[in-house]
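Novice: After the structure tokens below, expect a handful of questions from me.
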């Protein structure tokens, strides 16, 4: 009898053992952020209203129509007077860049932010198991990742990835690569370095769709240290709960709306199409359809489904019946919205699509005003603003949303693991008390609004 009971019990014990083993193993597959470090360039790289005017004056190809466009684009972008430009612009060589200009720009960031990250975490370069660098518009040989390895003398067996061409959504793509590596390897440290090279990509032509990039993009970057070590869980800042990527590259309209190409005069630039807001909205909507069930509570999904069915059965619509369509309330599953600071139009579009308040999008607006669009790294400046404002509490959910060339919409949901205090290395530390400012209106129109009154027939370029 006892033998019979034992025979019955063995499969049950084995089943419970396998479940326990799998649950325990999942703890080694988690993706944690130990810390991150946003780059704050030196003050002599700060580009204000007067200096922007100097750049326009020395760009002889620009006529009155282009000057009017640049004025309007800058005023409506939401950018402030304390953003940063590459050194080559201050030297007046933006029309004749070299590869070394791009390399110097990258190394300035690498040697500053990566060094600070190692210093404040206590992690040594030799402890890094995975290195992933993403810079979309600069490719060197050896790779930028190899330059980091050489400078910090990392291990011979380090896993190295160098991503290019992934645009403003590259940060979360990099995190996704690390996450997948963590699933099959235990006890790893991963360093993600995300930035964009502006020095060799400053557009010096007259195509308005390419001039727009000069108004929006600025230098910046971020180094992020991630781990799946169970023993370091208590030291982590964030844990990744969900990450999803949506790619519309198969659609010609989406593929061509953000693209690097040459203008009619052969000058290389980055084209931002007029259909970009529409393309971004379509990508975001498709992304949300798949993401919502993964991050929202069942009660909100049921509420939306009931409202949708009731409206459909009553055959009412926002046009015919005067009623608005049912909208999912993402705030039921998200506490903070970390939106890509791509410009006022991008931020306003996401705000409208998700039904967010000004408080929700304040970090993104302030990032655009203070640092400009720093491409893939902008998400981390937005996160830094939340941290500096002491918004993040243990257990809060932070939703990162990025849009980028391809066209892609990527997002990740992070959980705050511990209460966060503002540290001395935060890029916002010396200016956070002044944000949000009384007004985000920059002085460009006040100082140079006279351009709009000029007659093309009599206009003389200022020297």
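Using N, Cα and C of the backbone, Cβ positions are placed for all residues, glycine too.
So TrEMBL lists these for the protein:
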type	residues	note
ACT_SITE	168	active site
ACT_SITE	247	active site
ACT_SITE	336	active site
ACT_SITE	340	active site
ACT_SITE	369	active site
ACT_SITE	373	active site
DOMAIN	26-312	domain 'FAE'
DOMAIN	334-415	domain 'Beta-ketoacyl-[acyl-carrier-protein] synthase III C-terminal'
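A description of the local structural setting of each listed feature is requested, covering burial, neighbours and distances.
Specialist: The Cβ of residue 168 (active site) lies under 8 Å from the Cβ of 340, 342, 373, 375, 376, 378, 402, 403, 404, 405, each on the same chain and at least six residues away in sequence.
Counting only same-chain residues six or more apart in sequence, the Cβ atoms lying under 8 angstroms from the Cβ of residue 247 (active site) belong to 406, 407, 408.
The Cβ neighbour count for residue 336 (active site), using a 10 Å radius over every protein chain in view, is 20.
Residue density at residue 340 (active site): 31 other Cβ atoms are found within 10 A of its Cβ, drawing on all protein chains shown.
A simple way to gauge crowding: the CB of residue 369 (active site) has 22 other CB atoms within 10 angstroms, across all the protein chains here.
Of all the Cβ atoms in the protein chains shown, 25 others lie within 10 Å of the Cβ of residue 373 (active site).
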Novice: Counting by DSSP secondary structure, give me helix, strand and coil numbers for the domain 'Beta-ketoacyl-[acyl-carrier-protein] synthase III C-terminal' (334-415).
Specialist: 39 helix, 21 strand, 22 coil
Novice: What mean pLDDT does the predicted model reach across the domain 'Beta-ketoacyl-[acyl-carrier-protein] synthase III C-terminal' (334-415)?
Specialist: 93
Novice: Residue 369 (active site) to residue 336 (active site): how many Å between their Cα atoms?
Specialist: 19
